[in-house]
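J.: One structure is given below, represented as structure tokens, and several questions about it will come after.
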Amino acid sequence: MRVLIKNGIVVNADGQAKQDLLIESGIVRQLGTDISPQLPCEEIDASGCYVFPGGVDVHTHFNIDVGIARSCDDFFTGTRAAACGGTTTIIDHMGFGPNGCRLRHQLEVYRGYAAHKAVIDYSFHGVIQHINHAILDEIPMMVEEGLSSFKLYLTYQYKLNDDEVLQALRRLHESGALTTVHPENDAAIASKRAEFIAAGLTAPRYHALSRPLECEAEAIARMINLAQIAGNAPLYIVHLSNGLGLDYLRLARANHQPVWVETCPQYLLLDERSYDTEDGMKFILSPPLRNVREQDKLWCGISDGAIDVVATDHCTFSMAQRQQISKGDFSRCPNGLPGVENRMQLLFSSGVMTGRISPERFVELTSAMPARLFGLWPQKGILAPGSDGDVVIIDPRQSQQIQHRHLHDNADYSPWEGFTCQGAIVRTLSRGETIFCDGTFTGKAGRGRFLRRKPFVPPVL
């Protein structure tokens, strides 16, 4: 199979040029002007469009069971939505397994979930839900099998204490793995939540008030210090929602600590006023939406390079699930928002088209740095000879209004309903195969491949 993309502006993290792109057998073979292939091929005219590396979303939750509910996107509907939004690779955060289970247990479960359903290429982050000698001894074997990142939680059912975190940080560092962490102070949250519930204050806005930004920022600072104590272990902070936490990360970077951070479109474009709407329960996620001032601080981090990655934390529960389970009580509502289909378009529209970031910085945030950090570079995250032919073509001249009825996930709403975006995703190619074109999904379940990722190598800070 040969595909020639002509007349587009090909953009990588280190530059852009108007040139053609030739893909053969799923691999980029040539970039240049006026490429004339010797053999017949499909030609795609990208005149006036940007040709970007396919998106790499390193934070999704497909088919996750959170105890009170199972998310409504599995690995088919979730990756279908990703493909239609220009994302060609996902790394899914596996959910918790049975109490006392080994690391391999969840890997086998999740490979079963994805094997015959994933539309695009995929991998998983390991999840460490308890610490003992067997778990610590298993980590190097998991890294050898291609899982080079693991998640720790400082809140929820399987939160780790500081001693357990230190043990995990040390062993992950020694084994060539990157530690990722959900940082919130669980004790402080529990205290605030109990206070509100006792007073009968259970409306959605009290979800945000029960998880103030200081709970997140304190946990970020604590993880930075613990990583330093653990031998300067590399650390990746997921779903940053506030500027104080970013300040702590800037300080760590100034002290040459190997720390990286992601944020998500919801923290850049939605704010806490959503909780006071009639459908406020559909915006319940953790950490919660913040105020506009915190948004501005995050945009500064996007613009100046302090934030490394924009992912989604896609975790979809329908409004029917939310209403039936919560019965109006924020503390009972399953947490998470859909968004895997909208990430690329939202950041392109609100970032590139407003002049906040360059097209090159867009690539850095959405594909290049995610691929570097998580052991996929240069197979993913770049359009260069030898890399996978994963491509998203965006037409900056088109304007689109987001409406859930046109999306491809399995939710029954979108938090982005009514948002108008400048720039439209017109085609997505995965390993040279068109899987989305002009509003129509053209891929198929099961074509996605499991990616064995390389051990962690820190990008230059």
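Placement of Cβ uses the backbone N, Cα and C atoms for every residue, glycine included.
So Swiss-Prot has the following annotated:
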- His59, His61, Lys151, Asp313: divalent metal cation 1 binding site (BINDING)
- Lys151, His182, His239: divalent metal cation 2 binding site (BINDING)
- Lys151: N6-carboxylysine (MOD_RES)
- Tyr156, Ser286, Asn335: substrate binding site (BINDING)
J.: Among His59, His239, all listed as binding-site residues, which has the most CB atoms within 10 Å of its CB?
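T.: Result for the most crowded candidate: His59.
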J.: Taking the recorded substrate site as Tyr156, Ser286, Asn335, identify the other residues of that chain whose CB atom sits within 8 Å of the mean position of the site's CB atoms, giving them in sequence order.
T.: Thr155, His182, Glu184, Leu285, Gly336
J.: Test of understanding: give the count of other CB atoms lying within 10 angstroms of the CB of His61 (divalent metal cation 1 binding site).
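T.: There are 21 such Cβ atoms around His61 (divalent metal cation 1 binding site).
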J.: Take the Cβ of Lys151 (divalent metal cation 1 binding site) and count every other Cβ within 10 Å, whichever protein chain it belongs to.
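T.: Other Cβ atoms within 10 Å of Lys151 (divalent metal cation 1 binding site): 21.
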J.: Looking only at Cβ atoms, how many others are within 10 Å of the one on His182 (divalent metal cation 2 binding site)?
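T.: 21, counting other Cβ atoms within 10 Å of His182 (divalent metal cation 2 binding site).
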J.: Would you mind pulling the DSSP three-state label for Ser286 (substrate binding site)?
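T.: Assignment for Ser286 (substrate binding site) reads coil.
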J.: How big is the Cα-to-Cα gap, in Å, between Lys151 (divalent metal cation 1 binding site) and His239 (divalent metal cation 2 binding site)?
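T.: Counting only the Cα atoms, the answer is 13 Å.
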J.: I'd like to confirm something. Which of the binding-site residues, Tyr156, His239, Ser286, Asn335, has a Cα closest to the Cα of His59 (divalent metal cation 1 binding site)?
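T.: The smallest Cα gap between His59 (divalent metal cation 1 binding site) and any of the binding-site residues is with His239.
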J.: List, in sequence order, the same-chain residues at least six positions removed whose CB sits under 8 Å from that of Tyr156 (substrate binding site)?
T.: His182, Asp186
J.: Using the alpha carbons only, what distance in Å do you get between His61 (divalent metal cation 1 binding site) and Asn335 (substrate binding site) once rounded?
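T.: Between the Cα atoms of His61 (divalent metal cation 1 binding site) and Asn335 (substrate binding site), the distance comes to 11 Å.
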J.: Once His59, His61, Lys151, Asp313 are set aside, which residues in the chain still have Cβ within 8 Å of the Cβ centroid of the divalent metal cation 1 site?
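T.: My list of surrounding residues reads Thr60, Asp92, His93, His125, His182, Val238, His239, Ala311, His314, Cys315.
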J.: Using all protein chains in view, find how many other C-beta atoms are within 10 Å of the C-beta of Asp313 (divalent metal cation 1 binding site).
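T.: The answer is 26.
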J.: Please list, in sequence order, every residue of the chain apart from Lys151, His182, His239 whose Cβ lies within 8 Å of the Cβ centroid of the divalent metal cation 2 site.
T.: His59, His93, Tyr153, Thr180, Val181, Pro183, Ile237, Val238, Asp313
J.: Give me the Cα-Cα distance between Asp313 (divalent metal cation 1 binding site) and His239 (divalent metal cation 2 binding site), rounded to a whole Å.
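T.: Between the alpha carbons of Asp313 (divalent metal cation 1 binding site) and His239 (divalent metal cation 2 binding site) there are 7 Å.
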J.: May I ask which residues of the same chain, at least 6 positions away in sequence, place their Cβ under 8 angstroms from the Cβ of Ser286 (substrate binding site)?
T.: Thr155, Glu184, Arg211, Asn335
